[in-house]
Amino acid sequence: MGGLEPIPADSGEGRGHPGQVTSLSQGYIQRQTITLTFTPTGNIIGSGIFVSPKGVMENASSVGVALIVWIVTGVITAIGALCYAELGVTIPKSGGDYSYVKDIFGGLAGFLRLWIAVLVIYPTNQAVIALTFSNYVLQPLFPTCFPPENGLRLLAAVCLLLLTWVNCSSVRWATRVQDIFTAGKLLALALIIIMGIVQICKGEYYWLEPANAFEPFQDYDVGLIALAFLQGSFAYGGWNFLNYVTEELVDPYVNLPRAIFISIPLVTFVYVFANIAYVTAMSPPELLASNAVAVTFGEKLLGVMSWIMPISVALSTFGGVNGSLFTSSRLFFAGAREGHLPSLLAMIHVKRCTPIPALLFTCLSTLLMLCTSDMYTLINYVGFINYLFYGVTVAGQIVLRFKQPNIHRPIKVSLIWPVIYLIFWAFLLIFSLYSEPVVCGIGLAIMLTGVPVYFLGVYWDNKPQCFDAFVDKMTYLGQKFCVVVYPAESSGSGEEGEEMKEAMSPLSKDDGDNHKSADC
């Protein structure tokens with residue numbers, strides 16, 4: 001369809017060509033990246049560690065297996081990150097696995113990755129984080145029962161709408177919200193780990209003794225263990241974040257592997273010790289009976305100060321929703337640059353430099369996901385689809401080795417690592433599909449709906465003129481409604497100039513010499 005095609009620079013309709021989207025990713029998005037995370041650590045550690053422990057424990061069937069799942073998931077994440085590091089410097093494009101899949105397997109495969117990310121992955125992730133926020137806010141008000149589902153959904157929707165408004169209003173506001181609320185997760189995790197160490201020193205490690213740790217509270221099942229890995233992988237989500245900003249990284253050949261070697265082991269350490277701390281204070285049945293494990297943990301160990309835990313986690317998850325909204329528009333820009341998404345989604349406000357159409361679309365699609373308050377079904381849903389394309393991307397690394405053996409690879413890992421990753425990937429997908437055929441099947445069905453959309457909207461060049469005119473008119477109306485243009489067209493002085501200067505902040509010193517920002 002016409003709205004999915006790149007719009008020429010000389011169209012005269014207040015739009016630019018896909019290349020102008022690159023200037024946006026080097027401006028507005030650079031500013032976001034530098035303030036949001038310096039390594040993947042800050043992007044990985046979020047709401048997952050406060051919601052996934054219950055899902056992992058429930059499916060792992062014992063404390064010992066649950067801890068093994070957390071460790072193995074960290075190892076597999078590190079292997080996947082190494083494979084992505086090679087791809088990131090071999091195909092140095094922002095957009096992450098979308099760009100790699102498109103370049104290696106063609107436009108259709110890349111479009112399906114983009115399609116499922118826009119319709120499922122980002123909205124579902126944001127819905128889970130928003131529901132985690134509402135759970136931790138409401139659980140202390142309902143100490144003897146679960147909070148009402150309608151209340152959870154309503155509070156999650158209010159959180160989402162408020163933060164969408166903040167992100168639409170100002171880049172500076174959004175970055176400040178992120179900086180302030182990041183402290184919440186650090187405080188909560190530090191408290192959990194320190195209290196866990198204190199518990200162990202007091203001799204409270206019954207469920208960590210091997211004889212008790214591997215005592216199952218239900219029969220072991222391979223399919224359920226696969227779902228435990230999906231639940232754990234949700235907490236590690238964000239490990240490939242730097243691959244979405246490869247074009248803007250300073251010295252990616254050095255900094256990309258360095259970030260992986262530092263961040264993934266650190267996150268694995270934090271997650272394993274947080275889960276060890278949980279079981280020093282709670283038995284598996286107590287953990288499974290709680291929808292807010294950190295709140296229950298705090299109530300047992302912090303006494304009159306137990307209010308600190310729900311507030312810290314609520315702050316963390318509130319910032320997590322903001323961070324997800326803050327960065328999700330990057331994929332829209334990458335897709336629009338390739339002509340795979342409507343040009344309107346790649347535009348920013350003429351004064352505020354915020355991607356209002358992309359934010360509104362993400363907000364609406366996330367609100368639809370809130371039709372269910374079952375976070376664990378949503379995690380299985382998004383985890384299956386995410387792992388599907390992680391595997392396709394890693395397989396692309398092997399394909400590229402044979403298709404272009406002489407291409408320059410500043411980072412080159414042994415092929416044994418992608419092979420190990422793909423073996424684990426096949427196990428996970430097969431048994432997840434066996435255990436949750438409906439949930440995983442719906443995800444596959446939504447992905448396949450992208451096939452006709454690709455052929456009609458992207459592949460088909462000679463569309464009727466009346467259809468192209470209709471799409472152009474709708475794009476123009478959308479621009480007027482949101483007051484947005486491509487970033488290359490935004491110019492002005494005063495407040496507008498200040499915001500644009502902020503948006504065009506460079507990442508490297510060389511860039512800064514050529515283009516100074518108001519914040520430099």
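Just so you know, the numbers here start at 1 and follow the chain as drawn.
Cβ coordinates are placed from backbone N, Cα and C, and glycine is handled just like the others.
Here TrEMBL flags 508-520 as compositional bias 'Basic and acidic residues'. Residues annotated as region 'Disordered' in TrEMBL: 1-20, 490-520. The transmembrane segment feature in TrEMBL is assigned to 67-89, 110-134, 154-174, 186-208, 220-239, 260-281, 301-321, 356-378, 384-402, 414-435, 441-460.
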Whether the transmembrane segment (414-435) meets the transmembrane segment (260-281): three or more C-beta pairs under 8 angstroms: no
Candidates 110-134, 220-239, 301-321, 384-402; stretch with most C-beta pairs under 8 Å toward the transmembrane segment (356-378): 110-134
Selected stretch (most C-beta pairs under 8 A with the transmembrane segment (301-321)) from 154-174, 260-281, 441-460: 154-174
Contact yes or no, the transmembrane segment (260-281) and the transmembrane segment (441-460), 3+ Cβ pairs under 8 Å, gap 6+: no
Among 154-174, 384-402, 441-460, stretch most in contact with the transmembrane segment (110-134) (C-beta, under 8 angstroms): 441-460
